[in-house]
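**Q** First the structure, which I've put down as C-alpha cells, then a few questions once you've had a look.
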C-alpha cells in the first residue's frame, strides 16, 4: 500500500502556466498602424485609439502619456531609453483593466434634471447583515453599501425595549437591533465616500409621536447643514442631483397617530417559499424565472393612506418638516395611487409582485406616474434568504428606486451592480429619453409594444488570464489545469434577452477562444451585457470563475480588458478577459 502511494506521488502531473500570445486581431492592428514595423510610436498609437477605440477626444500628448504608463507598468523602470511599444507591450496595454477598461469612470450625463428623471442605486433593509429573519442589524452593511455607491438607504425604526429610544431592526423577526444614532452617524461618515450626489434615507416609521420628536432631533443634530429641508411642505417638482450634491434627503410618510398593529408587508405561503429557495450557488438564471404572482393587496403597507387625524403633539411638526419626499397614497386602489397630482410630488412603494400586476394592467399609467413622482419597488416579504428579483421590470416602467438586498448575492444583484456602473458609478443613471417623452395627445412609451431592432452589438471574446493568480492551482481541478468557457448574453427587455457560450478550452489557465457573437437590440438603452466564466466539470456541477455585467450604452467600441468579479460582486485581482465591442446600426 505504501509503495503504491509513493508511485502516485511520483507521477503527480505538474502544470506550468504559459502566457498566451497576442490574438490575430491584435497583431493585425499593430502591424497595420506601425506599417509593418516592430515598434509603435505615440503618434501611431494615437491613430489606433482614435480610429479603432473611438477615443476621438485624445491628443498625441495623451498617447505619449499612455506609452509612458505602459512602459512603467510593464518594465518597472522610471526612465526609458525608448518611447515606443513593442507588439508585446501593445498587447499587454490592451489587456490591462487599469489602462484599457471597457467603460469610462467619469460622470458624463446631464445631472440638472429633477430626481424623478434618474434611476437611483437603492438598498432594501440596508442594516441587515444576512437573512431577513435572524441576522444581526448593524451599521457595517450601510457603510459597505455607501462605499459601493448606493444612494438610497432604508432604515426600519422602532421603539427600543424600554420605549425611550429608537432602534433599527426588521420588525417581528429575530433580528438583533442596532441603535438608530449609530446608523445615522455611519451615513454621515460614508455618504459621499464614492459619490458627491445626494443620499436618500427612506424611513419605515413604527414610532410613537414622542419618539418621532426624538428622531427629528437626532437627524437635525447629526446632519446639520447637510440635511435638505424644502421650504414648502409639498414640492411641486423634485430638485436635481446637481443641486443636491453632498445633501441628505429624508423620505417617509408624514407623521400620524401611532398604529400599534400593522400587517406585515407581504403574506407569503409555503409554495412561494419553496419557489424562492436558491439552490443554485450563483442564483437562478434570470431568463429561466417565471413571474411570481400572488393575490392580495397591491400596495405596500408602508404607503398606507396619510391620516387627516395627525397627532398634534408638540414637536411632531419638526419631524414633518424634515421630510423632503413624502410617501403615501390617495384613497382607493392602484389606479388612484398612480394618478399624477400637478401640485405635488410623492413616493409610492410597490412590492415586486404588485409591480408585475401593475405592469400587466396599468403599464402606461406607471410610466406616466414615474415621469414626475418616485416609485420604489421592494422585494416580496417571503425572500427570507435576502434573495432578489428581476430589476428590469422596474426600470422598463421608469421606477427610480428598485430596492435590492445588497447583502445578498446572485445574478439579479449582478445586474443591479452592472446598471450602476453607468455614469461613472455615481449612483444616479439618467433614464432613457423614451421613458420621459409625452406625445402630442399625452401618449407615453408602452412597454408591451413590439419594437424593431435598433442596433446590433458584436462581441468578440479573445482570451482570458489571471485565474492562476486569484485561485489555488487545485481550486478547479485536482489533477489538471481548468477547462474554461465563457457565457455572454444580454439582460434587458424580454425581446432582447439571450445567452450564448464559447467552446470549452481544455487544460489551460490562459484560454484563447477567439469567438464572436452578435446580439440584436430593440432597447439598447436598457440592455446589460452579461459575462460569466465557468470551468467545465464532467462529473459535477461546473465551477464559477468570475462574472461582470456592463451597461451596453456605456461600452467603449474597440478592444478592451474586462475585469471579472466574484459572485458577491467583489473585484478579482487579476482575472480578466480580452474582448472587442462593435456597434452596427440596423
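Cβ coordinates are placed from backbone N, Cα and C, and glycine is handled just like the others.
Please treat TrEMBL annotations as automatic predictions, because they have not gone through curation.
As listed in TrEMBL for this protein:
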COMPBIAS  259-287  compositional bias 'Basic and acidic residues'
COMPBIAS  291-309  compositional bias 'Acidic residues'
DOMAIN    349-435  domain 'PI-PLC Y-box'
DOMAIN    440-566  domain 'C2'
REGION    259-316  region 'Disordered'
**Q** So, by DSSP, how many helix, strand and coil residues make up the domain 'PI-PLC Y-box' (349-435)?
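**A** Its residues fall into 40 helix, 15 strand, 32 coil.
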**Q** Counting by DSSP, what is the helix, strand and coil composition of the domain 'C2' (440-566)?
**A** 13 helix, 59 strand, 55 coil
**Q** On the 0 to 100 scale, where does the mean pLDDT of the domain 'PI-PLC Y-box' (349-435) fall?
**A** 96
